[in-house]
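Step one of this worksheet: look at the structure below.
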Amino acid sequence: MTTPALLPLSGRRIPTLSPGASSFPHHRATLRLSEKFILLLILSAFITLCFGAFFFLPDNSKHKRFDLGLEDVLIPHIDSPKEGKHASGQVVIHGQGGHDEHRHREEEESLRDKIRADHERALQEAKEKLRKSRVELQAEIQTEKSKVMEDLKKKDAGPKPLPPVPMPKVVGVSDGEPPEPDVKEKRDKIREMMKHAWDSYRQYGWGHNELKPLAKKGHSTNIFGNSQLGATIVDALDTLYIMGLHEEFKDGQEWIEQNLDFGVNAEVSVFEVNIRFIGGLLAAYYLSGQEVFKLKAVQLAEKLLPAFNTPTGIPWAMVNLKSGVGRNWGWASAGSSILAEFGTLHMEFVHLTYLTGNPAYYQKVMHIRKLLAKMDRPNGLYPNYLNPRTGRWGQHHTSVGGLGDSFYEYLLKAWLMSDKTDTEARKTYDDAIEAIERHLIRKSNGGLTFIGEWKNGHLERKMGHLACFAGGMFALGADGSPDDKAGHYLQLGAEIAHTCHESYDRTVLKLGPEAFKFDSGLEAVAVRQNEKYYILRPEVIETYWYMWRFTHDPKYRQWGWEAAQVNNYCRVSGGFSGVKDVYSSNPTYDDVQQSFFLAETLKYLYLLFSSDDLMPFESWVFNTEAHPLPVLHLEEMEREPRAQTTAAWRGR
């Protein structure tokens, strides 16, 4: 069942006159409209008189309030994080002990003079309206109506066109066919899996955010609010393009052109919408050159900017796309924002500034970086929680898995995306990884290298599936490491890849659990029932791909093909589903085909069995949702009007 078409952002549900219809069908209607207009003016004047009289009456309570002085006045403030703050987000402004009563009287008198002037002006305007003849009033109404119609035409014409931008050099976006027949056969199989996932969504969940493959209907979660934004379509576009599924890509593009509307009353996750929608739309634009993707990305980005209206500039976790009102998750350490969420905006926002010439996006993410640089970090580690009102850390919990992961990834990738000129990002990454190595990375009794979690001074010997991406990150960041440690970090990446492969190999289904422990004689095994599930996650395969690119060790393709056996255990007639227990030979399905399965898991598998000239690292950097964005070279950034962003590449 398809959803009804949504209006584009620039559209309005306002009735318009049919061509040739008269604005005033007959005289009686016109006369009635004029009489109503005059009555409205008289009523307006009366209300203005009452309003003015109310303010001119003596108000003892007001005088008493001024007598209090300035000590207890609360002033809302969003620009400066330097003042002391209440939990409400207001700032206490501490004044002097005394007060100047004469100055307050002057302020009151000035306020009354302003109200008196406004009152007299409103009365004068009302008198002038009443003196006009019926013909003059009709002409005035017609003028106002024409002005409204002209404004509507401007809005219907669509958003303001974006400035022309030189397209970065785009290479290696297609083909990549491997020379080995057996490898090609595996790649073709993965392409067929993508076709099955997409066709199932196209048939049973089209326009919905995700798919319930067993129930064969649409599915959504609270990260997308209550609206059907077609998350799977946007998330899958670049995978379709890279795999050469151009008819499917065209279907997705048509849905986006006709239905994708961000002017809806929906509260969405800023992080998830950024990495999936803005990242996906930007990648589709750079790959295909189709302007609609760029325009939609910018429309959505404008809707996310109000999330940054906090006392510190650290954005809220969620924002309402219509009202711009933001808030944080209720479970996040006393109303804190989350490191992996506000720290995973840089790549997309720098590209937004590049494409629009609007420095606001770049400034927002650079403000976050500068604020973090000034803060004390316990043991050099970044806690996962930061309060956007107070600018103070929340609970001292540090993780390279969930809540922290992509913050570190984006530091490294900011440097790579800048053609390795954003040295500030690289230095911040190196310092963070050094602290992580010192405090979080350990070897188990069985010789497995793992990344634990730091909680209030204690190391928890547990690693999440999400943290398995770090093997690829260490390999990607090896070149350029300080003190000639490139070999060390490539080896560290290989050790993490091996540990995560063990977490897969020690299950019945040969699919990895959500989290696994390294204590009490158990290694790389999930203990709790709620950690035994697999929801089609990509992080282990992501690391296999990076390790393959840097080493060409055939074991990574072998391990990747083992992971591709998701086709055997998770494939159903209506798509692909996660499973609730990877240690059971007869698992229960969770009945969700995640959008990231098409965006990441299948894309990384396809690239693993492709030649290296498909999406080469010299030209592309993948965001945390596997959406490729081109490297922006300094000479491109210095072309007008891109000077606003050039400082980013210089590490300022």
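Cβ from N, Cα, C; glycine included.
What TrEMBL records for Glu272 (among others) is active site, proton donor. The Cβ neighbour count for Glu272 (active site, proton donor), using a 10 Å radius over every protein chain in view, is 21.
Among the features that TrEMBL reports, active site is placed at Asp405 (among others).
A sphere of 10 angstroms centred on the C-beta of Glu514 (active site, proton donor) encloses 21 other C-beta atoms. Residues annotated as active site, proton donor in TrEMBL: Glu514 (among others).
Within the same chain, residues at least six positions away from Glu539 (active site) with a Cβ under 8 Å of its Cβ are His465, Leu466, Ala467, Cys468, Phe469, Cys500. Annotated active site per TrEMBL: Glu539 (among others), in sequence order.
Here TrEMBL flags Thr624 as Ca(2+) binding site. Annotation for Thr624 (Ca(2+) binding site): same-chain Cβ neighbours under 8 Å, separated by at least 6 residues, are Ile275, Thr344, Asp405, Ser406, Glu409, Tyr410.
Annotated compositional bias 'Basic and acidic residues' per TrEMBL: 146-158, in sequence order.
Annotated disulfide bond per TrEMBL: Cys468-Cys500, in sequence order. Cys500 (disulfide bond) has a Cβ environment of 29 other Cβ atoms inside 10 Å.
What TrEMBL lists as region 'Disordered' is 146-185.
Annotation comment: TrEMBL describes 37-57 as transmembrane segment.
A gap of 19 Å separates the Cα atoms of Glu272 (active site, proton donor) and Glu514 (active site, proton donor). Take the CB of Asp405 (active site) and look out to 10 A: across all protein chains shown you find 26 other CB atoms.
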